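First the structure, in the form of structure tokens, and then the observations on it.
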């Protein structure tokens, strides 16, 4: 997917990029690849692959969660790595207020430099573990309209990292690939225990590559019990699974 095909694919979804936004994506790509030569940010570096598997893929939640397009949501992105999905969403929908949490400081350094390069405002980057960022005494607990995570762990684990950060009435949106149905089948306990309710599992394929993708939307319907998230590492070692 070259930049022109990227623009056309988004237009087909009712998203029209401005010339400024197209340039921001071009600059994002150049800076990502240049930085990646000395900091391991991504294994995907060819331009068509970055545009498809990072940029386009990151924007797919807006195909299913229309509030992303118009509302000034507070969005927290857990384990965003090189900024996916939240920074492509921020470029296209600048009214979003974006917070990124990542456990590796070198990624946070990259994100700060990238945000300056792209002239992004309304973004904040935190070097922290998600378990601590949304912990029972944390200022950010239940503080966000929307929390996103992209393929960083299976659904039962992601739910424990992300749902504590979502306001009651807000949503957790997970960007997943294959195996999502299997993960959801054993994640009901985690989702319910943490105050969530499965609202949608939207299955589709990426253009060009045809790779399977899922957008999983979980509504936050009640407060997360104080004992969650458990201490760093525990959600992964002892997941809340059915």
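In case you wondered, yes, glycine gets a Cβ from its N, Cα and C as well.
Features reported for this protein in Swiss-Prot:
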- 79, 84, 130, 131, 150: S-adenosyl-L-methionine binding site (BINDING)
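Location within the structure of each feature annotated in Swiss-Prot.
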residue: 79; record: S-adenosyl-L-methionine binding site; Cβ neighbours (10 Å): 22
residue: 84; record: S-adenosyl-L-methionine binding site; Cβ neighbours (10 Å): 25
residue: 130; record: S-adenosyl-L-methionine binding site; Cβ neighbours (10 Å): 28
residue: 131; record: S-adenosyl-L-methionine binding site; Cβ neighbours (10 Å): 21
residue: 150; record: S-adenosyl-L-methionine binding site; Cβ neighbours (10 Å): 23
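Considering only the residues assigned to S-adenosyl-L-methionine binding, 79, 84, 130, 131, 150, the longest pairwise Cα distance works out to 19 Å.
Residue 150 (S-adenosyl-L-methionine binding site) falls within a strand segment according to DSSP.
Under the three-state DSSP scheme, residue 79 (S-adenosyl-L-methionine binding site) falls in the coil class.
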